[in-house]
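To start, the structure under review is shown below, and the notes come after it.
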Protein chains: 2
Amino acid sequence: MSESLERYEAEKQENYQARFNKLQISLEEDDIKGFREDFLDMHTYEQASFFREQPVELRRWIYGYLSPAEFAEIIESMDFEETLEYFTEMDPQYSGAIMTELPVDDAVDILSLLEKDEVASFLTLMDQESAEEIKLLLNYEEKTAGSIMTTEFIALYDTQTVEQVMKLLKEEAPDAEMIYYLYVVDEAKKIVGVLSIRDLIVSDYDALIKDVMSEWVITVSAGKNQEEVAQLFMDYDFLAVPVVDFQNHLIGIITVDDILDVVDEEASEDYSKLAGVADGEHHTDTPFEAAKKRLPWLIILLFLGLFTASLIGQFEETLEQVAVLAIFIPLIAGMAGNTGTQSLAVAVRGLATGNFGKQGKFKWLLRELGTGMITGGVSGVILAIVIFIWQQNLVLGLLVGVSIFASLIVATIAGAFIPILMDRLKIDPAVASGPFITTLNDITSILIYFGMATSFMSYLV
Amino acid sequence: MSESLERYEAEKQENYQARFNKLQISLEEDDIKGFREDFLDMHTYEQASFFREQPVELRRWIYGYLSPAEFAEIIESMDFEETLEYFTEMDPQYSGAIMTELPVDDAVDILSLLEKDEVASFLTLMDQESAEEIKLLLNYEEKTAGSIMTTEFIALYDTQTVEQVMKLLKEEAPDAEMIYYLYVVDEAKKIVGVLSIRDLIVSDYDALIKDVMSEWVITVSAGKNQEEVAQLFMDYDFLAVPVVDFQNHLIGIITVDDILDVVDEEASEDYSKLAGVADGEHHTDTPFEAAKKRLPWLIILLFLGLFTASLIGQFEETLEQVAVLAIFIPLIAGMAGNTGTQSLAVAVRGLATGNFGKQGKFKWLLRELGTGMITGGVSGVILAIVIFIWQQNLVLGLLVGVSIFASLIVATIAGAFIPILMDRLKIDPAVASGPFITTLNDITSILIYFGMATSFMSYLV
């Protein structure tokens, strides 16, 4: 960062601080009017930052200062896990009213974090119409288009005129989540077209919607996986897509801001799985919480490691005769583990972006066989030569070289095959996480190495 | 996927195929009018899919059928690396005209893939005004707000009325990249406010912009890192943000569709680095290309592995006396490697999302020390007990247990410290990739293990 950029950022920071200090004073002096004036002038994200810094007593005052609709906007900008604590602090009527004011997709996300009976009691506190909509949405499976869509959208009929629609927008725009794309339906509520606000603005006021809309609408069905929906947004640069049921009825829309969260969430999940960390680990966790989340994997690995140890134990006689064999264990296991992780990562990314076709997966495995033969061949030849020169032992060099050749081929194919198999079994391929593949490849590579060493023992001693 | 969802998707697929077949016939029969009618009716993403399937001769025909403006829209929806091939097939005048028609941010992205002299020759083929804008943007460093912004935006003055702005939009909407947020500037072009189309639509026609706009605008400076800009979009649910220079002059805007690509690109980069795969690896690469991209890491690891081997070699005497020591090498190295990857992953995610403050980093290392002590302690005790029972050797059990305890502490701290150090040195912390940390921790854990074994040798034999 250049110095002037740093200064610029620092000035912006001071600006924030001054605003916050002024607000803090109004709040502590119980100056409702002054507080509301400054507070409501800020973006909801800043409102949330300020609110979050307050102790529980002052948070309770803030609930009293703001209408449920005003507070709902703050909730919207928060991480929903975080909001659960605040809901418990509120008067039940107030929290029910907030739930009613929230965009339905957000209300559903929050409710899906709660136990069934808590959800039921929330629903009784809410406006009946909203409660019905939410019940409907709660039925969609997690991580599908249905679960991230909102039902607050504006639908038009193709027989309306541009002018009528502009008037309609004037009335409905404040409530709808997305007004930049408008979806057009026929009398049976089946989707027949789409038009953007841009199309609307550049059209004559008396033109018919049917003449200015595009009939070529991309829709997603409610059961579609959210990751595939995200891919669609990236391919088409959409700001929203309509969600339809099997009869092509428009039942909701998904907006780009939710997709941004999906992309971030899915990427972070894949990343965590590759590293063998529970996705829920947060930097504010205490050491105990963090350890509790990491230990399950470590204990699985511990027992896999003991299994590997018992396998090597089978070769103890070999080891006692040729102790030098032991020094290459980390090299062979490490390289096999890393090769497997490489091919795993490429396969998981490929599956996530839907880049393989049906035949593509078999072709992919063949390609990985080729890649493994090349990386294994190159590494094997280098190792054989280096070890021959270093240890003055041709047989040992050949043994390690050939073991690496075979191990890298097996590891490369395993790294590609396992996620593809999991995908076929409809399990998220990212579950075949890094530590698992690494340990699996540790074991096979050591078996190859010691198996060969034992067979050629007579040449080694 | 339920059966009806599969049928629904299959029907959609057939629909596409029918369209494509019809187009293919028009193209092969050189039926320009029929081709244009069907082709231009499709979304540009489908246009690109169709175009991509054609052999080079037919692609040349398509260039002849479409205006540069029409083809520019197809280019926009493609992966820019891919487009380089097509540009070389075109008549230079045609490619220059396409470059002129492209949104400037996209043109800049494509040109930044080329060599300097190629860029210069492209710029001479372009409309002068566009060429100047592009030259300006090419000056911004890669991965900064400046490099992903577009200069095609609509700026308003605060003294205009809503009606005037609606008229202006009617004229300018077709060219501007984003019309959903409008930024308001004063006479000196400094940014003073923002309003959304939504605000505009619900306002009276004769209201003044200054009265309907919000004065609280979030801006980013042109030098800001694109990852931080993406975080801002996620926090605030923006569709666009204005980019300003140090004097707060509005110089461009960044739109959410580009941010979606940034989030995806950065996540995929971090993921690839964790797995030690070059980011450029693509599923269409041949085995040779894939191997070429993976081998650099593998060869580094190979020599690090040889170094580890030579370290263990120092303890050959110890090994010869107590061969059973060798069987726990993979377990100790593997667990240390995985623990390090876990804390690395959490630290890299934390740094990427800017979740640590300045003091936060030191507190973070302390937390990781605590986490390492707990995970190490638990794993150490389990191992000591299991090995004592299995091998009937208390000293061996204690040796492995204590080694794991010490190794996991070191590995956990190393995994957290190295990315933080890199961040401080202004290096992307994700560069401290998985294989590197894993191998480093292999080495330290083995040194701890054999160092302790050698010291307590007299109790082991």
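Placement of Cβ uses the backbone N, Cα and C atoms for every residue, glycine included.
Summarising the annotation, TrEMBL assigns domain 'CBS' to A:149-212 (among others).
Looking at the domain 'CBS' (A:213-269) alone, the prediction's average pLDDT is 88. What TrEMBL lists as domain 'CBS' is A:213-269 (among others).
Among residues of the same chain six or more beyond the transmembrane segment (A:295-315), those with a C-beta under 8 A of the stretch's C-beta atoms are 276-278, 329, 435, 439, 442-443, 446-447, 450, 453-454. Under the heading transmembrane segment, TrEMBL lists A:295-315 (among others).
The transmembrane segment annotation in TrEMBL covers A:321-348 (among others).
Outside the transmembrane segment (A:369-390) by six or more residues, the chain places 328, 331, 335, 339, 343, 396-398, 400-402, 404-413 with a CB less than 8 A from a CB of the stretch. Positions annotated as transmembrane segment by TrEMBL: A:369-390 (among others).
Summarising the annotation, TrEMBL assigns transmembrane segment to A:396-422 (among others).
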Beyond the flanks of the transmembrane segment (A:321-348) by 6 or more, those residues with Cβ under 8 Å of it:
270, 274, 312, 364, 368, 371-372, 375, 379, 383, 387, 391, 393, 396, 400, 403-404, 407-408, 410-416, 418-420, 429-430, 432, 434, 437-442, 444-446, 449-450, 453, 457, 460-461
Using DSSP, what's the helix, strand and coil tally for the domain 'CBS' (A:213-269)?
25 helix, 16 strand, 16 coil
The domain 'CBS' (A:149-212), counted residue by residue under DSSP: helix, strand, coil:
21 helix, 18 strand, 25 coil
